[in-house]
Structures are given as C-alpha cells and as structure tokens.
C-alpha cells in the first residue's frame, strides 16, 4: 500500500480510525503547497479556522520521504515565527495535514500589486530573521528561503512555511552537502555540493531581500539551469537602484561567497537597516489590504473573460510558487544526483504536463559519453584532475534532465560556430 510507510513514520499522526471529513469542514481551495493542494477549513470541534493540506499518497509515492521530512520538522518546531502544525489524518490514500491558517498571503503575493517600501521590507526581513534564529538555534536549516515561503496572517504576523526540504544538523554532523533548494536563491556552496550549514539560509535571505525590493530574484530572466552555473562562478549579486545604503549593505553582508563571513541571523537582527526601519507587524496589514483589493480587481477582470483560467492564490500554510522561475530541487538519492537527475517540484511538473516532452539528445550516447571517456583516459595517463571532468559531464546530464534536447542544440551550435570560425580564417594562425 502506498500509505503504509506514512502510517508508522509520521509524528502527530492521529487515530487512524478518525475520519477527517467528520472532524473538519473543507472549504475553498486557497493554494498549492509542496506535495499537495491547500484548503481553508474549519475544525468542527472548536470552530477554529485551519489550513488543510491534502496529499494523495498514491500519486505522491515518490515524495513520501519528503512529506515525512516536512511534517517531522514542523512537529518539532514551537515558535511564533514558524507555521504551526496541528496533526495528520489518513483516509484511504489521502493524507490530511492540519496546519495553522494564515490568510494574509505570502510575501510573494504582496509584491503582486506593486513594490514594497523599505519599512515594509525591513519589517518582513526582521520577522524572517527571528524565524531563522529560532531554526538555527534548533540546528535546523530551512534550505528554501524565498518570498513564496514566507506567509502572513491577516494581522500581519510573518511566519516561515514549506519545510519540504528542511535539514537537521546533529552534534556530530555540523554541515550538510545535499543539493536542495530553489536555484535562484541557492548559496554557491549548496550548488557546488560542498559542506554547508545555516549560513546557506543567510545567502537565501539576501536574495529574498533583493526579491522584496525588486519583485524578483537576480537572474530571473535566465533558465534555472544556467543560473546554477552562474552563481558559483560570478561575483555575488548586489542591490542596484534607488535604495538606501543600509539596505544595500544588508544585502551585501548576506551575499558573501565565503559562508563564514556571513553574519548569523541573530547578528543581522542588530543590523542598522533592521533597527532603523522595521516597525510592528501590524504595519503590514496595509500591504495585505492592498493585495486583497488588487486580487478582487483581478478576479473582476478575469470573470469578464470566458476563457480565463486563473486559480485562486490566497495563501495559507505551505507556500506556493507562482513564477515560472520558481521551483524547488528536493533531496534525492545521492547516486542519482551524481548521474545528473534532477527532481522538480509538483508545480513545475504540472506546468510541463501539457508540453510535449522532447526526447533526450542523441549526442549523449554518440558524442558526449565517448568524448568524456576519452578525456578521462587521457587525464589519468597524465595525472590530471578526474573530478573536474566528471563534474562537467554531470552538469551536462543535469541540464539535459531539466531541458531534454539541450545537448543536441549545444553541439549543433558549436559545430556552426566552428565552421564560421574556420571560414573566416580564424584558424589561419594554426597552419
């Protein structure tokens, strides 16, 4: 049975005989979190409003470990800055996860009607930092900090959500080296699969600060695979434009390529940008009202179009990815990762369902593999670095997994350029 591992493995699992449909009234769909759909609901025993994430375990069989991880982390958290978890119920193959309802939207939603001012940015960042300070003190790493995973209550309280890729450090394991997160927000050391710790969240926070200021992360116009190559290679992004010096310095402090030079969350709470600008969270209710007005106007415009296909996006627990450039890479078998496979989130997979899948590049077997075998052989003979050759080969296969056919395109472009180069006499000096 698809759900047997979950029955024995989830903390907070309620009496299996209890019927969640009797205990809770499921209301409208309010978003899509990691692994499942999220609904507003009522706890019939207390009349309390809750968020209900419903996951079909038969459809999500491959993600059961990730689901367990999210629930395990949430069940261990007790902080006003982290989404509260109330328990889980199993009915047939459906897992009901009951969580705190946060009706103010995500920080990403709040950017939709227009830019934020620096007081709003500082207030949101301060609350994220409080959540990170708590998690890091518990030796937990969120690993997917971004505006979409920051949720607000209707009163302006700010909480971290979507713990599907969160990691736990132990006393003996002070660093991790797994490749998870969302490409645009990923720290260089995570992409390189070097050992990393809670400072990876600080890098992601710096990217989130740019996102809150500009509406999108750096490189959002590029394919995520390209970004994975650029982040470790390039200088850190900076916040360009008409922003205060303290905000630019806050971003710069977070985005140091050397993790040990990044401040801790506790230290950043004392940064002058936060101290000078952050206000009480009730100040954010103005932003929430602005978003609700904007959404109502959008709904009115959309309803006038018969072929409109817009989905309600009011957030509750679980976060939601609403940009083409937002997807989360989840931890999988390290052996698979070495072979270049990449696991996209449910959202990205759903987006790709209607797109005819291109076949994998023929050149992988006819050109790429033989070429790398030859390179390795030559490198071994002269005592070269096999690791860098394998890393390059892995990167090509990783790109192919994300974008089938890209290797054939790359080889064709290379051939064309070489032909143009030789015709223009570029190779004359070689003769």
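Here the Cβ of each residue, glycine as well, is placed from N, Cα and C on the backbone.
Motif 'Bipartite nuclear localization signal' is the annotation Swiss-Prot gives to one range among 251-265, 266-280, 281-295, 296-310, and that range is 266-280. Within the set 323-374, 375-426, the record from Swiss-Prot flags 323-374 under the feature motif 'Nuclear export signal (NES)'. Away from its own ends, the motif 'Bipartite nuclear localization signal' (266-280) comes close to residues 118-119, 121-123, 125-126, 129-130, 133, 156, 202, 205, 244, 246-247, 249-250, 253-254 of its chain (Cβ-Cβ under 8 Å, at least six residues beyond either end). In this structure, residue 30 (ATP binding site) is part of a beta strand by DSSP.
Taking H, G and I as helix, E and B as strand and the rest as coil, DSSP gives the motif 'Bipartite nuclear localization signal' (266-280) the counts 9 helix, 0 strand, 6 coil.
Distance from the CA of residue 144 (active site, proton acceptor) to the CA of residue 38 (ATP binding site) is 19 Å.
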